[in-house]
């Protein structure tokens, strides 16, 4: 084998190892973002909800700062209930559709998928109804979420 071929083979192997170490985005979180966009008709980008209040985003504690933050707290609690049932809410893929009045779960026979889809659809509709207060985005959770 020629040295150039070995270099190409080595480069391919290294790049494959690097790609394997990148964790995949949990499918459910991608679907949840689509449900949010469906519910609010694209009026607010999904990333606005990732660091809002005390509960929107990763984790959560304290008293929710407003109605939207309560939607996130309820969604977190719903995922907690799903986990108690032995479900993996961040990994449960499901079938849904986007109707004129928001997202709906459809054709779901597996209990975990149905439960998680309902959690997400209810939360997405709650997000769409709740006012968004820019002052509650990226807050200091150490002081405001006690």
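The backbone N, Cα and C atoms fix where each Cβ goes, and this holds for glycine too.
Annotated features, as they stand in Swiss-Prot:
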- 75: active site (ACT_SITE)
- 120: active site (ACT_SITE)
- 55, 57, 59, 76: Ca(2+) binding site (BINDING)
- 38-98: disulfide bond (DISULFID)
- 54-145: disulfide bond (DISULFID)
- 56-72: disulfide bond (DISULFID)
- 71-126: disulfide bond (DISULFID)
- 78-119: disulfide bond (DISULFID)
- 87-112: disulfide bond (DISULFID)
- 105-117: disulfide bond (DISULFID)
- 1-19: signal peptide (SIGNAL)
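Structure coloured by features recorded in Swiss-Prot.
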{"residue": "59", "record": "Ca(2+) binding site", "CB count, 10 Å": "9"}
{"residue": "71", "record": "disulfide bond", "CB count, 10 Å": "25"}
{"residue": "72", "record": "disulfide bond", "CB count, 10 Å": "22"}
{"residue": "76", "record": "Ca(2+) binding site", "CB count, 10 Å": "18"}
{"residue": "98", "record": "disulfide bond", "CB count, 10 Å": "15"}
{"residue": "112", "record": "disulfide bond", "CB count, 10 Å": "18"}
{"residue": "117", "record": "disulfide bond", "CB count, 10 Å": "26"}
{"residue": "119", "record": "disulfide bond", "CB count, 10 Å": "25"}
{"residue": "126", "record": "disulfide bond", "CB count, 10 Å": "17"}
{"residue": "145", "record": "disulfide bond", "CB count, 10 Å": "18"}
Given residue 76 (Ca(2+) binding site) and residue 56 (disulfide bond), what distance in Å do their CA atoms have, once rounded to a whole number?
9
Including all protein chains shown, what's the count of other C-beta atoms within 10 A of the C-beta of residue 78 (disulfide bond)?
18
Going by Cα-Cα distance, pick out whichever of the recorded positions 56, 75, 120, 145 is nearest to residue 98 (disulfide bond).
120
Close in space, distant in sequence - residue 87 (disulfide bond), Cβ under 8 Å, 6 or more apart
111, 112, 115, 116
What is the Cβ neighbour count of residue 56 (disulfide bond) at a 10 Å cut-off, with all protein chains included?
24
List, in sequence order, those recorded positions among 55, 57, 59, 120 whose Cα sits within 10 Å of the Cα of residue 78 (disulfide bond).
120
Within the same chain, the residues at least 6 apart in sequence whose Cβ is under 8 angstroms from that of residue 54 (disulfide bond) are 60, 61, 62, 63, 64, 65, 69, 73, 139, 141, 144, 145
Which one is it, among the recorded positions 38, 56, 59, 72, that lies nearest to residue 105 (disulfide bond) by Cα separation?
38
Subset of recorded positions (38, 55, 56, 57, 75) lying within 10 A of residue 120 (active site), CA to CA, in sequence order
75
Same chain only, sequence gap of 6 or more: which residues have a CB within under 8 Å of the CB of residue 57 (Ca(2+) binding site)?
49, 50, 51, 72
For residue 55 (Ca(2+) binding site), which residues of its chain lie six or more apart in sequence with Cβ-Cβ distance below 8 Å?
64, 69, 70, 72, 73, 75, 76
With residue 71 (disulfide bond) as the reference Cα, tell me which of the recorded positions 38, 56, 59, 117, 119 is the closest one.
56
Same-chain neighbours of the Ca(2+) site, Cβ within 8 Å of the mean position of the Cβ atoms of 55, 57, 59, 76 and not counting those residues, run in sequence order as 54, 56, 58, 60, 72, 73
